[in-house]
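According to TrEMBL, the protein has these features:
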- HIS158: active site, proton donor/acceptor (ACT_SITE)
- LYS162: active site, proton donor (ACT_SITE)
- GLY11, ALA12, SER13, GLY14, ARG15, MET16, GLU37, GLY101, THR102, THR103, ALA125, GLY126, ASN127, MET128: NAD(+) binding site (BINDING)
- ARG38: NADP(+) binding site (BINDING)
- HIS159, GLY168, THR169: (S)-2,3,4,5-tetrahydrodipicolinate binding site (BINDING)
- 7-128: domain 'Dihydrodipicolinate reductase N-terminal' (DOMAIN)
- 131-267: domain 'Dihydrodipicolinate reductase C-terminal' (DOMAIN)
Amino acid sequence: MNDLPGIVITGASGRMGQMLIQTVQESDRARLAGAVERPGHDWIGRDVGEAMGGAPLGVTVTDEPLEAFARAQAVIDFTAPAATVEFARLAAQARAVHVIGTTGMSDEDIAALEPCARHAVIVRAGNMSLGVNLLVQLTKRVAAALDEDFDIEVIEAHHHHKVDAPSGTALMLGEAAAVGRGVDLREVADRGRDGITGPRQRGDIGFTAIRGGDIVGEHDVLFAAPGERITLRHVATDRAIFARGALRAALWGQDRKPGQYDMVDVLGL
Ligand SMILES: NC(=O)C1=CN([C@@H]2O[C@H](COP(=O)(O)OP(=O)(O)OC[C@H]3O[C@@H](n4cnc5c(N)ncnc54)[C@H](OP(=O)(O)O)[C@@H]3O)[C@@H](O)[C@H]2O)C=CC1
Ligand SMILES: O=C(O)C1=N[C@H](C(=O)O)C[C@H](O)C1
């Protein structure tokens, strides 16, 4: 045990869970304090390092999140919406910073975070990378500079395991474009074209989701007008960028008042 902030990783066996464990383990600014999986998971009771196929890390995977959170300063959570809502309640009870990377959350899920944020810091973002959060700012500026002669389309591509669409990042980019243009995304989003759709509505913000293979995450924001096009693009090639951002958020959150924050706050963009 040392004085470094202790971090618990939920969804420890997942793609992001394992990347987060490796990132915290390699950091000299934080220590791995716990690893959580759901009841019945075959990693429960095993050393998390060994379960990942490596050396023991001295942390046993547990299905008792509150007990783990109470011994830590932060929880990094890239799981699923229902699990994240429950973890938010428990992290608030433990007064631990809750970093949420989970996407696909409904309006009701997001509303359920509000009471938790009265007791603990929540940092939530559909993408924790520096590059994407910069792209969000750029999208806002470009959308503000252009009129509706420029059709805005957000195109995203991910691996074939991904369960939600559009991606959390695509929704962040769509929201940034809408804010830049001074419109409400809910009124202009076009999320599912199929069949005889009729011509594109002026002012719509369209979304397209590609799913295939092992694509880590690619996002384009296309501004298309008669005679010219602008594309803003981010390509993720390594999930480590998300894990590094999440750890940065967990450390940043240590000195903050309870409330809800995002990566723009963390990165000071
Ligand atoms: N914000 C960001 O920067 C990023 C966000 N993401 C998001 O993170 C989430 C996870 O992605 P990824 O790692 O690829 O997905 P995985 O399916 O690989 O991992 C999800 C993990 O969460 C676990 N889990 C689900 N429900 C529970 C529960 N009730 N209790 C405990 N554990 C649970 C799963 O366990 P089990 O296998 O048993 O179901 C699994 O281990 C997605 O929403 C994704 O979009 C991903 C990358 C970056
Ligand atoms: O599920 C993923 O993998 C990713 N999800 C996030 C999203 O929904 O935008 C972030 C990243 O693109 C990877």
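Note that Cβ sites are derived from N, Cα and C of the backbone, with glycine treated the same way.
Remember, predicted model here, so these are calculated numbers, not experimental data.
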Using the alpha carbons only, what distance in Å do you get between SER13 (NAD(+) binding site) and the residue listed as 'NADP(+) binding site' once rounded?
10
Distance from the residue listed as 'active site, proton donor' back to GLY11 (NAD(+) binding site), taken between C-alpha atoms, in Å
15
Which whole number is the mean pLDDT over the domain 'Dihydrodipicolinate reductase N-terminal' (7-128)?
98
Determine, to the nearest whole angstrom, how far the Cα atom of THR102 (NAD(+) binding site) is from the Cα atom of GLY168 ((S)-2,3,4,5-tetrahydrodipicolinate binding site).
8
Using C-alpha atoms only, work out the spacing between the residue listed as 'active site, proton donor/acceptor' and ARG15 (NAD(+) binding site) and round it to an integer in Å.
13
For LYS162 (active site, proton donor), nearby residues of its own chain (Cβ under 8 Å, 6 or more apart in sequence)
ARG211
When the Cβ positions of the recorded positions SER13, ARG38, ALA125, ASN127, LYS162, THR169 are compared with the atoms of ligand 2, which fall under 6 Å?
ASN127, LYS162, THR169
Rounded to a whole angstrom, what is the C-alpha distance between GLU37 (NAD(+) binding site) and GLY168 ((S)-2,3,4,5-tetrahydrodipicolinate binding site)?
23
DSSP output for HIS158 (active site, proton donor/acceptor) maps to strand
Specify all same-chain residues, apart from the site residues HIS159, GLY168, THR169, whose Cβ lies within 8 angstroms of the center of the Cβ atoms of the (S)-2,3,4,5-tetrahydrodipicolinate site, ordered by sequence.
THR103, GLY126, ASN127, GLU156, HIS158, LYS162, ASP164, SER167, ALA170, GLY217, HIS219
Long-range same-chain neighbours of GLY168 ((S)-2,3,4,5-tetrahydrodipicolinate binding site), Cβ under 8 Å, sequence gap at least 6?
THR103, GLY104, ALA125, GLY126, ASN127
Filtered by Cβ distance under 6 Å to ligand 1, the binding-site residues ARG15, THR102, HIS159, THR169 reduce to ARG15, THR102
Among ARG15, ARG38, HIS158, HIS159, the most crowded of the recorded positions [Cβ within 10 Å]:
HIS158
HIS159 ((S)-2,3,4,5-tetrahydrodipicolinate binding site) to ARG15 (NAD(+) binding site), Cα to Cα, whole Å, comes out at 11
